[in-house]
């Protein structure tokens, strides 16, 4: 009887847990709230919010919702093709569009049904039908340099959180103890648990620093002691040590071969293992950088330093390299395969707020706390780099990386004329406002429209990462062409269209990840599709991304403006295009990060930045004129 009662109670308990989990998953599959007008909430959404809060518990933890998050749905093939054709219409002439339309309809009739079935099967047995292929084929199989081309940066001086709706936390798992391992055909991501050290690079030398003592983390004062020891160390780099990290900046195959041949045994294997298993990589940079409004071009140099440095003083394979400059400014270089910018941005916001407002410093500028004289000092990593073969590999990788870095034309600036607060008074989405300004700026810069990429997150779904919002639309091009007549109505139509596309992307009804996965399926089952081949070969001449400011409660921006992050950026995606990242800071500031290539005579990052500034002001003028008339 007792055993039966225990079994019954256990079964009932498990059934209740499963019922609550699947009820919450069903609730989180509802996305009607995101399509409702700003400031208005339907009765059904109010009821939904109360139910979500009730089933979420009072104090959920980081991974509490993982099992309850819905899977990313596979969009309807007809919807995807229709939206794709609509997105390319303003970019093609009539003959080109008819040709693409023919390819699309042939694909829909012949290959699409079979490929769609395979993709739906995958969506049933995988947590996310996109993310594993996205990581493998977009990141891991790329054989070119990841520096500039893939890695991105975030500045630290220091979107609105969705509140009720939980975001997938899967990407946080690989923030620490993670590195990218080079391979001949494909790289892999190595993630370990419970690593207790980091590796520091300073003036050409590598040091191993233990982060634990007596079963606890080192205190800030103890870490300061360790880093001061490294700064005071006057030893010279060992032969081949100075530019060793250049191997991670060049092409992947030479690095994979060098790793197998020269770092598979002895001290080289042990030292490389110390780097690859470290919690993260830290560079104590001997230069001074940071944004200074009094020094024009300071943000440009700051960004280029974070993006590529000297091409040998960041370990580009680590999940992230924390860079601390001689003047105390900091920033990070992030390897992109394991996570997207909001994940690292979230961590840095918390780090900055903790550093300034919880830990603090003494009046002399030292970390608070006692110094433990019993701590072991950092140890130098030892190397036996064979000359001249391995050193030659370093030099070749360094030259490739240096040419790539020198070609990056970067311009960053803070737009202070107005910000989110003023835009919202016009009853317009700030992101849509900026994206339309980018379309106007690009048209003025190049005299034409182009395929435009804006990154949108899909983290409302399990293991979701990103989707593309195709910001160049029929509506946006109509608005840009009508700017001479200053047509405010067309702006509102284009802004509404952008917002709707962004919402569709966030809720699993985007275009590009679906087409990407259909293309992968076609390759796996050996089905030739001219339509998919054409779609996947189209270059993004304007690639854009908003860096969200997520934890608005951590810092009072009005009171502590210098503790607010300046966002981050990335290299240009196309040789003849622009990369634009922006962060909306509080109510009154927007920071832009613009990249292109010096080798392209058609692009100029500084010129494009000025075009963006003027476009923002011109669109603002539309609303000002409207208000005066009223």
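Every residue, even glycine, has its Cβ placed from backbone N, Cα and C.
Lifted from TrEMBL, the feature list:
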type     : residues : note
ACT_SITE : 336      : active site, proton acceptor
DOMAIN   : 72-157   : domain 'Choline/carnitine acyltransferase'
DOMAIN   : 164-614  : domain 'Choline/carnitine acyltransferase'
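The domain 'Choline/carnitine acyltransferase' (72-157) scores a mean pLDDT of 94 in the predicted structure. Within the same chain, residues at least six positions away from residue 336 (active site, proton acceptor) with a Cβ under 8 Å of its Cβ are 139, 146, 150, 151, 152. When the domain 'Choline/carnitine acyltransferase' (72-157) is classified with DSSP, helix, strand and coil residues number 55 helix, 5 strand, 26 coil.
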